[in-house]
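Asks: Here's the feature list from TrEMBL:
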DOMAIN    B:1-28  domain '4Fe-4S ferredoxin-type'
DOMAIN    B:29-58  domain '4Fe-4S ferredoxin-type'
Amino acid sequence: MKSEYDVLVIGGGPGGAVAAWTAAKKGLSTCLIEKRPAIGAPVRCAEGVGKKLLTEFLDPDPRWISADIKRARIIAPDGTEIQLKEDQAGAEVGYVLDRKIFDRELVWKASEAGADVYVKTRAVKPILEDSIVKGAVVESCGTQQEVRAAVTIAADGVESKFARWCGIDSTVPVDELMSCIQYLVTDIDVDPVCNDFYLGNEVAPQGYLWVFAKGERCANIGIGIPAAKRGPGNRAKDYLDHFMAEHYPDGKIIECIFGGDPVCKPLDCTVTDGLMIVGDAARVVDPITGGGIGNAMVTGRLAAEVAAEAIAKGDTSKAALMPYDEGWRNSKMGQGLERNYKVKEFFIKLSDEKMNDLADSIAHIDFAEFSVRALVMELIKRNPKMLFELRELKDALKH
Amino acid sequence: MLNIRREICGYCGACVSVCPEGALELIDAYLTVDSETCISCGICTKACPLGALEVTDEV
């Protein structure tokens, strides 16, 4: 490993990989480090992603697409179903990925573009000079060395520590961390092109339980619920095991996946002198779906683009890197995060009865667009009597 | 003090993100707690999807 690069990327998930790929393509000397011994494993993800966003980065490839999703269902506490279908005109729902292959593909792209990649290599502490981040001390198989960089990009995920070491408080409020568990289940009857979302206080209080098809007779079945009220007997695992016993008692679990998903607001500021923070580490996860792959890639790319400009000008101060923070925050993605945060705040307060009523009001509509906005618009339209209660949602949609 | 039950831990790092003191760290697949920094507040015990963390009276 060299001791000096233009850009040091910490973390080899989609955010870090796209940051390194973009930086390398721009001709910057780039180093990506991943603390795990393998890229893409262990998976900590339900693997669902929107098509449009994904194809901005890569052409779809059957090697890392487990299922091409045509339909989705939201199942209310009383069993009422809201159906979302891909319309004939070609609106698209999404893919369920194989993250082990997908993440490798992205890192391979970064490597092909010229980035150095090191696995089982972690950042131990930042190199700070007058509070300016100048890279990191990294440890690889017991040996420590300094890696200096003009710009460091922290893509170290939900368990991010790097930003904190650089003075940015990245603590996730415990009621806004979704405590998650997922089983990869085989030999079950599932619609191979459908994703299901189960709602309700019995099945997944203030969160949801998902069944994402991963091809024929195989699905990611998982749950995310706020961590705050968890204790013995009511953890994510207890709820998921209960659901499995009821719905898929004969399914074979061939993988167990655990994780935390931050559905809080993004960090107040995602840059400081010499440092940018991307993806889950920046807390740019969709607060409604918990999805973070697309936003990680978007922020990773933008961070590298801004880094390239800053490096070219010889100024990587906080002010010079701010266009990254402002850029994603003012983008459609940033505005969507802000809107969906407000929508989430509304929905988590709903009782099962209210959820049933709302679901019933839109149960007979065939949705062509699979989006939070489309659903909320329809809810408002169909529930004039609830308009007062829904006003917060209406306000949220203005932005 | 915080006790990590390693036979239960799924090394996912959910607990790391909620620790207000930054006392936890996931090093590869090994969860560590800095006993000097940990204040035994128990917040991390809620975040764990499996129940691998517990605050005990032992010092």
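For all residues, glycine too, the Cβ spot is worked out from N, Cα and C.
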Asks: On the 0 to 100 scale, where does the mean pLDDT of the domain '4Fe-4S ferredoxin-type' (B:29-58) fall?
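Replies: So the average pLDDT across the domain '4Fe-4S ferredoxin-type' (B:29-58) works out to 94.
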Asks: When DSSP states are grouped into helix, strand and coil, how many residues of the domain '4Fe-4S ferredoxin-type' (B:29-58) land in each?
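Replies: Within the domain '4Fe-4S ferredoxin-type' (B:29-58) the tally stands at 5 helix, 7 strand, 18 coil.
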Asks: For the domain '4Fe-4S ferredoxin-type' (B:1-28), what does DSSP give as the number of helix, strand and coil residues?
Replies: 5 helix, 7 strand, 16 coil
